[in-house]
Amino acid sequence: MKNIILQYKKKYDAGEPISVVTCYDYTFATLFNRTDVDCLLVGDSLGMVIQGNQSTLPVTLDEIIYHTKAVCKGAPDKTIIADLPFLSYQTSIEEGIRSAGRVLKETNASCVKLEGDSEFIIELTKRMTESGIPVFAHLGLTPQSVHTLGGHRVQGKTEAARNKMIRKSRELAEAGAFALLLEMVPESLGKEITESIRIPTIGIGAGKYTSGQVLVMQDLLGLNEDFHPKFLKKFGNLSGAVKEAVNAYHKEVTKREYPSEAHVFLDT
């Protein structure tokens, strides 16, 4: 497993954009391991795209560990980011460090990702870093706080909100975060934050000036036909390919064309 801090620093220093995609299972991890993508994120977004929930809040630490183990097995050549899910780290510094420690010890992940900018999160970032746990920070739209943010909407649109996010970005970097995810913020704010801190920024709906980009695999592959946010470009249409393949299978089964002689075991 590569060292994610060294990987990100090398690309950041060279001005090379960093590509990240989410992944939740062994099969896709083996495919992504054979691609050029830099890094995989086992996000608590699995609560929505895998479990069918309306938010990320129901995801548990054990579920993150389960999925991260599978991804690490399938993609040994990639660096792996693991989300810490809702209420696995917000209750106390000790609980946060314990949860992060479990993820790193049990999964072989490269780092953990924390959402938020409170004084508690900044202190937790500092304490985790001091404990040898690499921390990936996350600002802007933070899905674990979706109820207090008023839903899934662009953040940092007012001058006060912009200034606060810039300030908190600096504080998180100073606390030891080695990278920062910026989600659903105006492009100009993504650019300003990226230029104001000396760690890589990874954007999702944060414009083209961040140090890299991340997308949910189901979205970029075109597996979710009903999801069309402004920031998303679908780089494939796998939903159509999947339906075509399953319908072809169904047709051959009902016509007794499958299995053919090529797919059965003969007596001789």
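First residue shown is number 1, and so on along the chain.
Glycine is no exception: its Cβ is also placed from the backbone N, Cα and C atoms.
Within Asp38, Asp44, Asp62, the residue that Swiss-Prot lists together with Asp83, Glu115 for binding Mg(2+) is Asp44. Under DSSP, Glu115 (Mg(2+) binding site) is assigned to coil, being neither helix nor strand in the three-state scheme. Residue environment of Lys113 (3-methyl-2-oxobutanoate binding site) contains 24 other Cβ atoms, counted within 10 Å of its Cβ in all protein chains.
For Glu183 (active site, proton acceptor), the number of other Cβ atoms no farther than 10 Å from its own Cβ, over all displayed protein chains, is 22. In three-state terms derived from DSSP, Asp83 (Mg(2+) binding site) belongs to an extended strand segment.
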